[in-house]
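Noted in TrEMBL for the protein shown:
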type	residues	note
REPEAT	88-122	repeat 'PPR'
REPEAT	123-157	repeat 'PPR'
REPEAT	192-227	repeat 'PPR'
REPEAT	294-328	repeat 'PPR'
REPEAT	364-394	repeat 'PPR'
REPEAT	395-429	repeat 'PPR'
REPEAT	430-465	repeat 'PPR'
DOMAIN	610-702	domain 'DYW'
Amino acid sequence: MEWQAIWTFLDMLELGFYPNEYCFAAVIRACSNANYAWVGEIIYGFVVKTGYLEADVCVGCELIDMFVKGSGDLGSAYKVFDKMPERNLVTWTLMITRFAQLGCARDAIDLFLDMELSGYVPDRFTYSSVLSACTELGLLALGKQLHSRVIRLGLALDVCVGCSLVDMYAKCAADGSVDDSRKVFEQMPEHNVMSWTAIITAYVQSGECDKEAIELFCKMISGHIRPNHFSFSSVLKACGNLSDPYTGEQVYSYAVKLGIASVNCVGNSLISMYARSGRMEDARKAFDILFEKNLVSYNAIVDGYAKNLKSEEAFLLFNEIADTGIGISAFTFASLLSGAASIGAMGKGEQIHGRLLKGGYKSNQCICNALISMYSRCGNIEAAFQVFNEMEDRNVISWTSMITGFAKHGFATRALEMFHKMLETGTKPNEITYVAVLSACSHVGMISEGQKHFNSMYKEHGIVPRMEHYACMVDLLGRSGLLVEAMEFINSMPLMADALVWRTLLGACRVHGNTELGRHAAEMILEQEPDDPAAYILLSNLHASAGQWKDVVKIRKSMKERNLIKEAGCSWIEVENRVHRFHVGETSHPQAWQIYQELDQLASKIKEMGYIPDTDFVLHDIEEEQKEQFLFQHSEKIAVAFGLISTSQSKPIRIFKNLRVCGDCHTAIKYISMATGREIVVRDSNRFHHIKNGVCSCNDYW
């Protein structure tokens, strides 16, 4: 239809008719899209020559919209606005709205102030746009001032303004609460789909109110308000956050019934919902049936594969995106880097890094943060530090990623130095920064330093300790063998200790052999999470270490009755861009014979050097000789042997394990590093172990 309007305009000119302001406004509106924006620019020249830009406000408004909607060119839109000799409230509001919508929130607020100085009185649409700009910048104080003004003007009850206020209070709340958003919502005399969607979205975005968001959605539909595609998108996200695909499917069925399930944002949210629930087959089906896939669709499925440790599928889709011509966003690259990091595929990560440099993303802050995380989690902390040093602009995520990296690699001093440098730059730490700092102290037993930072969280930065911080302190004390002090700390907590805290204490009891306290910790975990297999396993291992086999049998019987399955230990290594996985006693690998031959030779070498198998780590009631044989079938030893026969002598061997590395394997790998002259890096579920010449970066404190 737009092209017909443009052709009709051209026919009119050929027939000798002279356009007026209404003709210009109509044809410019037809050019307000990506396909015909170039035609609009030609007509713009015509408008300037004929003088209609100075003569008619409507023509100016249409030109502003054409530049914004057609090509996202805010600069040209503002030039049109600046040249207009006459402006009305609509013109000012339009320019403010477009600035706010295209990410220029600061300009939107400045323009709002200029408008007021020019004597114009804002209306509900103006206030709605400038409140959105405050939300974008996190300017809660200014937002509250504007809220006071709209109350005085009687505009606070307007749905449009109300929705903007709901959104602002939700996103700008310092404590992450939605109380003020709910107050604004409740004060609105009438609710439509916009106001309901605004409050539902506010609850979802708060991060901890997903159940309430679903309840509000149910309340909305029981009040005969028909949800729109944004309503469905938000509530599906809530279902994904809760890993509740059953409710998600019911919500989606309702969207199908209303005929809006095919809208992209609904389909994309369904993909994310399934992915976050770990149901990647269903996520892929939801992706495949999408009538029209956009970049968000591809990003959703790529991110899902990456987070579910299916990096091969993620990389295949990455190539598919490139073939479609849709384009690749920073989010796509960040998801792929996350996928590479999760499985330690540094080769793939380096390939993506190369693509990023070619694509001009070198200075993108989000991408650089993802690169720091990728290199750090793949075992190359120096490469991560290099990316950090080359960044032009760092935020709290950049600093926290680097501090976390040093902490996980056992470089506590460097982590704390980085934290102090961060404070010197004026960057305010957040909750996650302090988790990294406390973990750094925990990994090397810096008790007094850890306690100092824990106490300074609230005093110096107003950060209220969360359960993760309390767990870090329990880990700090428990890892050091101060189990009684750890128990006293738990009893002194202002919050009721959750399963994470008790699980941390149970792990420390396992290391230090305190069966009595370990049993108490396990009971507290199972009281809160009766189907947690990790608690049963840790307690079983604790009894096995003490030779209490009757208790071990009792625990395993209880697990079997509850149908609880222990997570299988698995180690893997990336060689020539391919990830090779190994389980205990692995025989299915094509090079199994060569691997076990290498293991036999290594066993002889390191025994001659003084290695004595620690059969206490075989948690089965079997003969001593069998225990020794069993130890050499552990997945991390198999992965190391494969690394030795398949990688260059000059490169470090990087091994990854899903569980905590076995104590005997840790000792054996130190001997292997001496026997072979190779550097071996092991990432387990807790931290990194850099082993070289028989010495580990953890100093055997892990």
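Any Cβ shown, glycine's included, is placed from N, Cα and C.
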Close approaches to the repeat 'PPR' (395-429) from elsewhere in its chain (Cβ under 8 angstroms; 6 or more beyond its ends): 365, 368-369, 372-373, 375-377, 381, 384-385, 388, 435-437, 439-441, 443-444, 446, 449, 461, 463, 687-690, 697-699
Which sequence positions outside the repeat 'PPR' (364-394), separated from its termini by at least 6 residues, show Cβ-Cβ distances below 8 Å to it? 330-331, 333-334, 337-338, 340-342, 344-346, 349, 353, 356, 401-402, 404-406, 408-409, 411, 425, 427, 652, 654, 681, 683, 688
Just to be sure I understand, if DSSP states are collapsed into helix, strand and coil, how many residues of the domain 'DYW' (610-702) fall in each? 37 helix, 16 strand, 40 coil
Determine the mean pLDDT over the repeat 'PPR' (88-122), rounding to the nearest whole number. 87
On the DSSP side of things, how many residues of the repeat 'PPR' (88-122) fall into helix, strand and coil, could you say? 26 helix, 0 strand, 9 coil
